[in-house]
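One structure below.
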């Protein structure tokens, strides 16, 4: 029971709210879902959101906190995490063949981020991990259509906003300087405005409304846990100028 409890702690299941990006991608092309669609999404949530991503978050936690966790617990939790990821991939291959490649790509990105990239380069880590959000949207659109569809402006916009939000998050954690954060966010906001206009021109009005809601959701998911801390930090920055 102690091992299970430790795994549940490290898997950070509260972050499964990010699965909502898959749902938004699905609704872009199938706004009226049937009962079978709903059941399919729920089943995918259990496989992808709980098994696979729970395992990936657990691996991430192990590599972050390996000096603070008992070695025996690390071994046991690691085995559970890997087993869940492999089981999830097997179930994806059986029931959701159309998104196998995208799911595997997400796993590779997360593992590279955890083991190789983040310990050595913060900028590269931000650039890499920001790709996961757009891929989740693409998983949803692929699930709705049966094939990968071209929604490049939307995906690029989401990617740029993700990089900006990761820059803000690292600033809140005192990892990135205020000036560097402003440079990154300012440049990305300009690109986002351009790409948003392109998205509105290419997609129907209905899609554009979903795009706006999608951007707001992405913002709130990233900044939710930092809003009070970021406000106080900004005030302190102004006072010390």
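In case you wondered, yes, glycine gets a Cβ from its N, Cα and C as well.
Annotation source TrEMBL lists transmembrane segment at 12-32 (among others).
Listed by sequence, the residues of this chain that lie at least six past the ends of the transmembrane segment (38-62) yet keep a Cβ under 8 A from its Cβ atoms are 7, 10-13, 15-16, 18-19, 22-23, 26, 69, 74, 77-78, 80-85, 87-89, 91-92, 95-96, 103, 106-107, 110-111, 113-114, 139, 143. Per TrEMBL, the feature transmembrane segment maps to 38-62 (among others).
Residues or ranges marked as transmembrane segment by TrEMBL: 74-93 (among others).
Under the heading transmembrane segment, TrEMBL lists 99-116 (among others).
Annotation source TrEMBL lists transmembrane segment at 123-141 (among others).
Here TrEMBL flags 147-168 (among others) as transmembrane segment.
TrEMBL lists 175-199 (among others) with the feature transmembrane segment.
The transmembrane segment annotation in TrEMBL covers 205-223 (among others).
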Problem - Surrounding residues of the transmembrane segment (74-93) on its own chain - C-beta under 8 Å, 6+ positions past either end - result: 3-4, 6-7, 10-11, 47-48, 51-52, 54-56, 58-59, 62, 66, 99-100, 103-104, 107
Exercise for the section: With a Cβ cut-off under 8 Å, give me the same-chain residues at least six positions beyond the ends of the transmembrane segment (99-116) that come close to it. Expected result: 48, 52, 56, 59-60, 63, 85, 89, 92-93, 125, 128-129, 131-132, 135-136, 138-139, 142-143, 148
